[in-house]
Structure formats: C-alpha cells, structure tokens
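J.: For reference, TrEMBL lists these features for the protein:
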REGION    88-146  region 'Disordered'
COMPBIAS  91-137  compositional bias 'Acidic residues'
REPEAT    178-211  repeat 'TPR'
REPEAT    220-253  repeat 'TPR'
REGION    260-279  region 'Disordered'
COMPBIAS  268-279  compositional bias 'Basic and acidic residues'
REGION    326-409  region 'Disordered'
COMPBIAS  329-340  compositional bias 'Basic and acidic residues'
COMPBIAS  352-398  compositional bias 'Basic and acidic residues'
Amino acid sequence: MDTPGTSSSSDKERMEAAETAITMLAQGKRNMVCGEIPNAVNQFQEACKVLAKAYGETAKECAEAYFYYGQSLLDLARMETGVLGNALQGEGEEEEEGEGDEEGEDEGETGGEGDTAEEGETAEEGDTAEESQEETEGGEKKENPDDISNLQLAWEMLELAKVIYLKEEDKKSKLKAAESFLKLGEISLETENYEQALSDFQECLKIQEAELEPDDRLLAETHYQLGLAHGFNKQYDESIDQYRKAIKVMEAKIGKLKKTVEDGTQGKGKEPQAADDPIKAAQQEIKDLEEILPDIRGKIEDMEEEKKNIDELKSITKDTLAAVASELKPAESSEPKKAASDISHLVRRKRKPEEESAEADTKKTRQEEGSGDTEKNGTANDKSESAMESDTKKKESMDVSEPPTAVAS
C-alpha cells in the first residue's frame, strides 16, 4: 500500500511528465506545419516515452501522442519515398546526358577519374572497416530483425491510438478514433493493400456520419479517400460514386458558408475585418473549397476514361477470341466424329435355365443335320470327280489309237 508521501510524489511526477509531453507535442505540431517532419517525429517520440512511463502504455493520456507520432511517421515515409523517386529519376537523366558527351571530354577526365577512384576506394575501405567493427561489437548480424520500416511503425502507433480512443465514449474520442482509421487506411494505400484500406475508410465514415453534420468537410475527405481506394482497386463505378458524394458534401458546405457570409455582412457596411473574424474565415474556406472541386471533378473524368479503356480492351479481347474460335472450328468439323454406338446387343444376358436347355437341344439338332448334309455332299463330289477322270482317259486313248487321215490329192 502506498504511503501518502509516495502517492503525492507519484502525482507530482505525472504532472511534470504531462507538462513535458504537452510542450513536446506543441513543438512537434509546429514542426509538422513548417514541414520539419524529422524533427516532429523526434518530438512526438519523446512525448510517447514520457507519457508511457508516467501513465502506462495503454493509458488514455498516451493516445494523442501515439496518434501524432504515427501521423508524422507516415509523412516521413512519404517524404522518403518522394526523395527516392526523384533521385532515381535524376540518376536516369544523368546517364542519358553522359551518353551524349564527346570522346575528348571523356579522355580528358580519365586522369581525374583515377584520382577520384583511389579516394573513393580509400573512403569505402574506411566505411567498411567501421561497419565491420560495428558488426564485430554487436555480433555477426547482417540485418537487425528488430528494425522496422517507418510505415510499419506508423501503423503500430496509429493502431494503438485507435484502440485507446475506441474505449472512450465522448464525441471527441470517437472522432479521433475515426481519424485514426483514416490514417490507417492511408497506410494501406501506400502499401497497396486496397481491401484493407477500404475497410478502414468505411469504419471511419461510419463513425463520422453518426457524429458529424452532413456538410462537414471531414466527410468529404473520407469520401475522397474511398474514391482513391476504389480507383486503385479497379472498381471504377464505386470510385466515381464516392467522388460525387465528396463533391455533394463540399457544395453543401459552400452553400452554408455563403449564407453565413451574407447574413454576417448585412448592416456592417465596410467596417475593417479582424484577423479572427468569422466572416473572413468563411470567405477563405469558400475559396479553398472552390479550388478543390475541379480536382475532384478531374478524378471523376479520369475514372470514366479508365473504365472506357477497360471496356474497349475487353471488347477487343472478346472479338479476338471469337475470331480465333471461328478459325479453329472448320478444322475441328473436318474430322469425322464417331457417333456413340449402342453396344447393348453385345452384352450377354443371363438366361433362365429352361431357355438355356431348350436352346441347347435346338443347337444339337441343327449340328446333327448339318453333319449329315456334309457327308452327302462329300459322296456326290467324289462321284463327280471320278466321272471326270474317266472321260479324260477315254479322250487320251482315242487320240493315240487313231492315226491322222491322209488328205486325197
């Protein structure tokens, strides 16, 4: 059991941790606005450590720090991907320019390349030595299994924030849970896991529709993300539908803001507007929304074009297959097709004993008659052959005994 002094000390430490975390969170948010993403990541990371140590890793006090840490890691991963893509593109352009250089310039650079190569080898040897030393000190490990990508770490932090927010019942926590779902969906888009992205965006939309006004811009953003996910997943009709819903929300918001401006400007004349004047803010928001609308309409046109191309490709493929099938059909029909034969007459059926006995007697009688006819035919044939031999002998004897008759002159 904690003593009163211990409890007081613990509360004091938590208050100090909370104050430190609040300062770090503020600095991190400012760095994100200024585009200093790596600095923001470091600030949010430190805030997470301080709060987790003071309140526990799953405490609701940690949820905000987890969320912004995950969001900043997502932005950092996108930034690194963009830098890598630009570097690869620049490398390709440099190679193309290098191929077009004159031979004289190449020969002139030969000596310099030799010196550079030696320096490069020396630097590489130094780096290799340092890496070998690190591997020796840390053990023979070529790859640290504990190292995870920024996207993976971002997913883990946002997932943890989502779980904490979902435990709370207040509107603010529910909307933060929805925002966590939205960011998780964006990570799934980055990793091309479109089905998971659609699931996360749908969960986000479900919470927002229950807690927000129908013309809230957050709804438009979620519909837009759903349109992207459906488009990447080759679901063009669904993508177009989500983009149109985003436009509908934004147009409703513009109409509401215009009414606010109209009502607010009546009777005020040309008085100077303060920096935080709601009329000025509404006018600026109208301008922002009207600038976004053409981009979304362009997305709809892109999806319609993609769908048209896919339909044309399917039609061409279908026609090609039909043509191939028609060419193969005559060759197949030229070969005679053997009809299925009825072989039931070849199947020996089992007879009853009475039928088998009667058939055996009939067969025996036929065999006896046949043997008698054969003997008679044999005797007649023998007699015929003897008569033919006798006639032949007589003819031969007549030819020998009678000499030829002389012809009278």
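For all residues, glycine too, the Cβ spot is worked out from N, Cα and C.
Because TrEMBL annotations are produced automatically, they should be read as predictions rather than curated entries.
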J.: Which residues of the chain, 6 or more past the ends of the repeat 'TPR' (220-253), have a CB below 8 A from one of its CBs?
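T.: Result: 182, 185-186, 189, 192, 194-195, 197-198, 201-202, 204-205, 208, 214, 285, 289, 292-293, 296-297, 299-300, 302-304, 306-307, 310.
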J.: Is it possible to list how many residues within the repeat 'TPR' (220-253) are helical, extended or coil according to DSSP?
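T.: So the repeat 'TPR' (220-253) is made up of 31 helix, 0 strand, 3 coil.
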J.: Which residue counts does DSSP yield for the repeat 'TPR' (178-211) in the helix, strand and coil classes, in that order?
T.: 31 helix, 0 strand, 3 coil
J.: Where does the mean pLDDT land for the repeat 'TPR' (220-253)?
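T.: Residues in the repeat 'TPR' (220-253) carry a mean pLDDT of 97 in this prediction.
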